[in-house]
Structures are given as structure tokens and as C-alpha cells.
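Working notes, structure below.
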Amino acid sequence: MRILGIETSCDETGVAIFDDEQGLLSHELYSQVKLHADYGGVVPELASRDHVKKTIPLIKEALKKAGLTPADLDGIAYTAGPGLVGALLVGATIGRSLAYSWGLPAVAVHHMEGHLLAPMLEDNAPDFPFVALLVSGGHTMMVEVQGIGEYQILGESVDDAAGEAFDKTAKLMGLDYPGGPLLSKLAEKGTKGRFKFPRPMTDRPGLDFSFSGLKTFAANTIRANDDDEQTRADIAFAFQEAVVDTLAIKCKRALKQTGLKRLVIAGGVSANSYLRQELGSLMTKLNGEVFYPRTEFCTDNGAMIAYAGMQRLKNQELMDLSVKAYPRWPIDQLKPLNK
């Protein structure tokens, strides 16, 4: 089965073709970072218009690189939510329209299910069940995964997502957009121990997260200290350390609560090298395993949508002809396969 995947939930246009026997045949990605940089964040209207311009050319390029024609495809998968409603409607409209004109089945894919299943694209893919930490600019949640569609949310952010906290703190430090990766780069020059940030919501039971207070703590720390390069690096290190420690503490709790030994980390923040280092160390101590997507599949991409959509289409999940987008779509409302 060969599936065309389309991802347009935010500020990246992703298109890919996945074959259930040969694996990933092609993968195209266009980032809108430069388009939104002057605004310091994603402008929904600009994002939608750019998806309109880029999606069809990327589909043509993906087919060309895979050496395929539309007649060689078995289905189309598109991100239907959660995300920016205008951006989602672009991908959904194109996906449904092409499916109708090419005589193919189409399926709407949950964006976070795509992230959760992204490690399945790797040679060393995790077996079910596992605990998944989905950590990105828009979401931070802990999920117990028994199978595809069998998701129980164990905890989630009550305010800012981890990636959002990274970007907002980077902005406070005067770093360019998108600031999260730049803050992490600056933290590499930082000194451990000079500043101590709190580990929010780790002093009480539960698996929910809160990162807005860290942003406020960072703002106060920045104002109270000199603006030299080393101080900035030390603050960046302390902030990143606090976020990662908090995530690690919650992961350890989730694994203990569920009795599972496999941990999946996915979403944009899963590309963070310090996070990978610390959670890798944690799982070694716990005699467990940790799984990540390759770095290029941590951010939004069409490959994860093609893979997730393939699983749904194999299960005979088809959508009606209407074009629908779901800006808010709880992942635990998805249907398990074959149920």
C-alpha cells in the first residue's frame, strides 16, 4: 500500500509517500520560518496562504522523486487537526479534492498521533505498549499507548507547552525567531549551577505540567543580572535544565505508574540534544528503552502523516466527501484499530 501524506497544521508544509513494504519513498518539506520571522511568531493568515502556494508543487515533487504517478497511489492521508484552522483546511481541501479526482480513499489524521507514531518510521521501532511523551510548541502530554488509537492521557500541560516556553523565554533573551533551538545552542556555553530554576509541579503527585512560571522566573532572572554573553548562556542552561529535569521526573513517574519499560519521545522538542541525553541516561538507569524519531521527523512532516494514515486506511477507515478541520481534537477520542 502506497500512501500520500499531507501536513499543513501550522507553519511547515510537508508531503511524503510511504510504502508499507519499501518504507519511505519520498519526503518533501518547506518551512515558513523566514516568512514569520519579522513578526516573532506564526501569523495564521500568512501561513494559510503559503500552504496554498506550496502544497501542490511539493506533491508533484514527491511523486517525481518516488518515480510514481497518481495511479500508483492507494490512498491519501491529510492532517485534519489539531492546529491552525485555516492551515488545516488547506491540506484537508487539497487532500480530499485529489482523492476524489484520482479515485482514491482518503483519511483524516490526528497531528499528534502522527508525532506519536513517527518513531515507527525508524529501523529500531518500539513495540506496544509504551509511554509516550509528546512535547512540542503546541502540546506537552504524557500518554499511555497500548496500540494504535488506544491512548490514555496520563498528564498534560495546564498552561504553556514546553516548546512554547522555550520560544517565549528565548524572545525575552532577545534571540531571533524561532528561539527555542537558539536558546538550546546558547545553553551549550552555559555553566551548570550558577542559576537554579524551579521544577514546576514536581513537588506534588500527578503527571500534569506547567511551564508558564518558568518563563516568569526567567524574566525576573534576566532583569536582575548583567546582560553579558556568559550570563545569558548560564540563564539559558538553567532554564533548559529545569524544563528537561521536569520532563524526566514526570517520565519516571509515568513509567512507574504504568509498569512499562519503553518510552517514546516525539514532537519538535524531542530534537533537543540535552533532552535526549538526559532521558537516555534515565532509561539506562531504569533498565528500559527510549525511542525517538530521527531529527528531521521531530518537527512537523508529511512522512508521519502518511504512516499514520496508512494504518487507518488498512483498517478501512474512510472519510466522507466533506472537508473538515479540527483545531482542537483530543487524542484520546481516536478510535482503536479494528474496534
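Here the Cβ of each residue, glycine as well, is placed from N, Cα and C on the backbone.
According to Swiss-Prot, the residue from Asp159, Asp160, Asp167 that belongs to the substrate site alongside Leu134, Val135, Ser136, Gly137, Gly138, Gly180, Asn272 is Asp167. Just one of Asp245, Asp300 is listed by Swiss-Prot for the same Fe cation site as His111, His115, and that one is Asp300.
The Fe cation site, placed at the center of the C-beta atoms of His111, His115, Asp300, has further neighbours from the same chain whose C-beta lies within 8 angstroms: Glu7, Ser9, Thr79, Met112, Gly114, Ser136, Gly267, Asn301, Met304, Ile305. Cβ neighbours of Asn272 (substrate binding site) (same chain, under 8 Å, six or more residues apart in sequence): Ser184, Gln240, Val244.
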